[in-house]
Amino acid sequence: MNFLVSILLGIIQGISEWLPISSKTQELIASHYLLGLDVSIAYTFGLFMEMGSIGSALIYFRQDVKRVFHDKFLLKFLVVVTALTGIVGVPLYVISDKLLQNAYNPSIPMIFLGIALIADGIYIRYSRSRTREFKNLSTKEMILIGIAQGIAALPGVSRSGMTVSTMLVLGINPEDAFHYSYLAYIPAAIGSVGTTLLFTRHHISYVVSLIGIDGIALAVISALLTGLVVIGFLLKIAKTKKVYLIDFMLGGIAVLVSMLGLIIS
């Protein structure tokens, strides 16, 4: 039974990480109900599960990873964005862990995220065409993207939703926005996993005691394989220039699911 739960948790991570619906919150909710985890432990586990998604990104974007140290602009982008993500995100993670111990409800920010996605979809649909390329980003714009990614440490706030939306608002074309948002995820996620091990490794130890090392490994592998499929699918959609349809759909889902969560709680 635990194996089936591990696979399901991995699939949830593998799908939700690359969609603007906050994977850590989906994992939080799923592990809370499937494993009976305390909300704060479930939040930590959701961040820890990014190990599988890191694997997906490293495999899918392996050519980009190889050229990082040969492409000064790409290296600068990753350094600036990752640094700001850490500066903003680590304190928010520590604060969030405390809030979740006091019955913080992640459905609340999910509602705001859903509304923001719908508004972003409207903005994208009716605003000027996004034709700027990634290489045209300024340092100030990289800082904004890093701050946006750092804010996503909060429960209910989507990392990909924050970074992709920020780049789209800056006029970056959808294909580049998705591509480099996913690439920026790699160092940020490594930092997230490291942060959980540094500050809340006792939470991870507790989950291991429930489903075992083999259960954790199965969940991570499931997340990795699922993520590879989802990344490819979303990048194909980004090429069609109809990203606003994703925003409308996921924004509506986020609002409905969050309202249901509030009613149930």
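Yeah, the Cβs are placed from backbone N, Cα and C, and that goes for glycine too.
What Swiss-Prot records for 41-61 (among others) is transmembrane segment.
According to Swiss-Prot, the transmembrane segment annotation covers 75-95 (among others).
The annotation transmembrane segment is assigned in Swiss-Prot to 104-124 (among others).
Among the features that Swiss-Prot reports, transmembrane segment is placed at 137-157 (among others), with the record citing sequence analysis.
Taken from Swiss-Prot, the feature transmembrane segment covers 180-200 (among others), and the record attributes it to sequence analysis.
Among the features that Swiss-Prot reports, transmembrane segment is placed at 215-235 (among others). Sequence-remote contacts of a segment are chain residues at least 6 beyond its ends whose Cβ falls under 8 Å from one of its Cβ atoms, and for the transmembrane segment (215-235) they are 2-3, 5-7, 9-11, 13-15, 17-19, 49, 51-53, 55-57, 59-60, 175, 178-179, 182, 207-208, 246.
Taken from Swiss-Prot, the feature transmembrane segment covers 244-264 (among others).
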Can you name the far-off residues of the same chain, 6+ from the ends of the transmembrane segment (180-200), with a Cβ under 8 Å from a Cβ of it?
17-18, 44, 47-48, 50-51, 53-54, 57-58, 60-61, 64-65, 77-78, 81-82, 85-86, 89-90, 93-94, 97, 134, 145, 149, 153, 159-160, 163-164, 167, 231
